[in-house]
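Asker: Can you read through this structure? Questions will come right after.
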Amino acid sequence: MDTISDVMKHCVPINYDDYDPLPADHFSTYPVFCSKATAEAIEASAEFTRKWKRACEVDGLHQDKLNFQACTTHLGHYNQWAYPDCLPERVSLNAVLSDCAFFWDGMSPVTGRSTNVMITSPVDVSDSISAEKMNELTQDFGIAMLSELQSGRRIEPRFEINKMAVQVIRDFIAVDPFTGIGHLKEWKGHLDAQEKSTHNNMSWEKYVEHRVNESGGNWGISVGCWTNDIRISDEEKESVKYLTQLACAGGILGNDYYSFPKEFDEHHRSGTLDRLQNGVALLMREYGYTEEEAKEIIKKEVIIREKKWMDGFDAWSRQAGPETGEIRRYLVMTMALMSGSMFWMSHAGRYHRTDLATTAEDRATLIGKSRGALRVLAGYPPPKNLEGIVREPLASAVQDDNGHVQHKDAVADSSVRNGVHHAFKKRNSRNGKQNGTEGSKSTFTNGNYVQPAKLQQHGTSINSMAIYTAPFQEAAGDICDAPYSYIDSLPSKKNRNKLLDLLNDWLQVPPSSLKRIKNIVHMLHNSSLMLDDIEDASALRRGQPATHTFYGISQTINSANYVYVHAVHEVTRLYNPDADELRNLHRGQSLDLYWRHHARCPSMEEYIVMVDNKTGGLFRLMLRLMTAESSISRPLDTALCRLLTLTGRYYQIRDDYLNLASADYESKKGFCEDFDEGKFSLPLIHLLSHTRYPDRITSALFNRKPGTNLPYEMKRYILAEMEEVQTLAYSQDVLKYLHEELMHALDETENRLGANDGIRMMLLGMGPKLLLC
């Protein structure tokens, strides 16, 4: 405690005697601190709220549907506890930033994500503005903000509330450009991460992992670096990431605890309960706990993580030297953010609502509504009312060698995920399926072969010859589909679907055809990923094991080919079943494989040809299919075709760069994985063209035992060589130049086809400014 207090300069430990009544629902064990500048924060929030309401009136946003509850509560201000050590001169702007983020984000309709105190608004989002209006507001804000950041081009927003929001961010960056830009990078990363997955049919461990990655925790921490003027490098952050993730996990689960009734109410009224993402809901749905049981588990999990953080911080402090002072401030700020947020949530009106339309009985309908088997939570007793929600009597359950309860019928095929066992398999599902397999499939009972039901109908028996002349029976598809189903379940941003929707603003493809094109592109993309991972010998895909590590190379290839054939069949059902771009995809991949097999470094010109066919081919396929199906009769637009070709190049070169320079990419694919693959990426081609010792590099890359990764020390050597010849700097220059050309190509396309704010915001959002900062 002394070590933590010594770091604080502008706050004091909270005096609980100052609060009457005390928040009865506060259970966090962290020390809580209070800013000395609370009055300034409250005053700034009040003034900003008045201006925001006036802006909403000008923009035609109905006040009766926007319940503005700012950071201020009856006990004080959110920031006085969450950012207690904020520099005095930054208190007012920080309060405005918090309210701006809360209000602006809070107008969004329910989207399926779990709200988080560090990024969302204390407003009733289920009664907020329409999705169409919110999309218009988002594009207006995004184009104005990203244009200024990426190209220095100042575009004034059309909406008054966006003018206020953009000005707040301008002021934020002007005060401290270093931490201000870092904050925007984390904000964008948070928004990107939210789009990757939902949490249905997910284990508790996997849920916590995903929430840490996709929540606003890192965004809130980046704001704390700005408020406290903390200067810390990415390497220093990485060295204590285990502690910041512990803190974030506790804060996220605390938010789930307090926000569950409100979130359930919002999703219930909007008809999106299947998209409710909350730890309490997950424990009820996937594990069968009651709301009270689930909340007690959440409490324990929060306290466990808080104790681990305190112990970990003490251990770190004992071995940390005087040069780690800034890291110490960073860690204490992170803890204070979670501690203060927990104190605020324990009494804020946002969570302690009396106007909810739903009741505890309504929330109880979630219990046991998993998509498959109920799970068993390691370290906790089973739900007390388990007998009342399972589809089979508990008496038929058995225990495995680890003491986990499982149903007899599920033992043979139960899976273990992160130590949590699938148990209590549901039976008698539709279409004759049982436990996820066709009812007619062959099985073994007591070591004896049991024939499919259809064969038994023909009077066959174990010793009968009739099975050899029985009618044709189509094989079940589940085994062939399994590898594809696995990769399809992995988190994804679904950028291609978004791009298709945005292109449709220009091309006007009928809904049924657009749906088929999306399915074609989705199947082709996932099929190519399965094959790419085999051809590249990749162990990871999107941070998870690659498909072939589970299903083997042969079965994965078979599944990928099966899906590819199905995609081609879907293409033939469209008006223009031209397969040119499908051929180009394979020709591009063949170049990549040929260069690797023969260890031949291509020229930059050859590299671009490969990219245009392999990566750009899928983009052009999307365009050609949509043009053929368009309700607007026009030939393939050359400007739009060029735009998508440049987009494919930018995607690939950005991917090449991130493979070597991004910590996030490293966590998903491994450290410099392109070196393991022997892939001739743009950085490697540049290095081999400029280093004095190209033979050393190629010898290390291509004279290895098959299936072995390049040693870590050799990867560091290659990176050092790249540093010497400025390879990564060159890659950055290429990205900057290519992005400028992308925006020029977009200008030309809009001149021909009309404005497309959605595509403009997408291209601005993937620009190099936030990528390279």
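Just so you know, the numbers here start at 1 and follow the chain as drawn.
Keep in mind that glycine also has a Cβ here, set from the backbone N, Cα and C atoms.
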Asker: For the isopentenyl diphosphate site that Swiss-Prot describes with Lys493, Arg496, Arg542, which of these is also annotated: His525, His548?
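Answerer: Looking through His525, His548, the residue Swiss-Prot assigns to the isopentenyl diphosphate site is His525.
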Asker: Name them in sequence order: residues not among Lys493, Arg496, His525, Arg542 whose Cβ is within 8 Å of the mean position of the Cβ atoms defining the isopentenyl diphosphate site.
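Answerer: Here the nearby residues are Ser492, Lys494, Asn495.
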Asker: Identify, in sequence order, the residues in the chain of Arg496 (isopentenyl diphosphate binding site) that are 6 or more apart from it along the sequence and have a CB within less than 8 Å of its CB; answer 'none' if there are none.
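Answerer: Sequence-distant Cβ neighbours: Lys518, Val521, His522, His525, Leu618, Met622.
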Asker: Do any residues, 6 or more residues outside the region 'Substrate' (259-263), come within under 8 Å Cβ-to-Cβ of it, and if so which ones?
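Answerer: For the region 'Substrate' (259-263), the sequence-distant neighbours (Cβ-Cβ under 8 Å, at least 6 residues beyond its ends) are 114-115, 117, 276, 278, 280-281, 291, 295, 345, 350-351, 353, 356, 358, 363.
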Asker: Averaged over the region 'Substrate' (211-214), what pLDDT does the predicted model reach?
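Answerer: For the region 'Substrate' (211-214), the model's average pLDDT rounds to 79.
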Asker: Identify which of the binding-site residues Asn255, Thr615, Gln652, Asn659 has its Cβ surrounded by the largest number of other Cβ atoms within 10 Å, counting every protein chain shown.
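Answerer: Most Cβ neighbours within 10 Å: Asn255.
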Asker: In whole Å, note down how far the CA of Asp536 (Mg(2+) 3 binding site) lies from the CA of Asn659 (dimethylallyl diphosphate binding site).
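Answerer: Computed Cα spacing between Asn659 (dimethylallyl diphosphate binding site) and Asp536 (Mg(2+) 3 binding site) is 14 Å.
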Asker: Among all protein chains shown, how many Cβ atoms are found within 10 Å of the Cβ of Lys493 (isopentenyl diphosphate binding site), not counting that one?
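Answerer: I count 14 other Cβ atoms within 10 Å of it.
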Asker: Can you tell me how far the Cα of Asp532 (Mg(2+) 3 binding site) sits from the Cα of Arg541 (dimethylallyl diphosphate binding site), in Å?
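Answerer: Just about 10 Å between their Cα atoms.
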Asker: Can you tell me the CA-to-CA distance separating Arg542 (isopentenyl diphosphate binding site) and Lys614 (dimethylallyl diphosphate binding site), as a whole number of Å?
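Answerer: That comes out at 20 Å between the alpha carbons.
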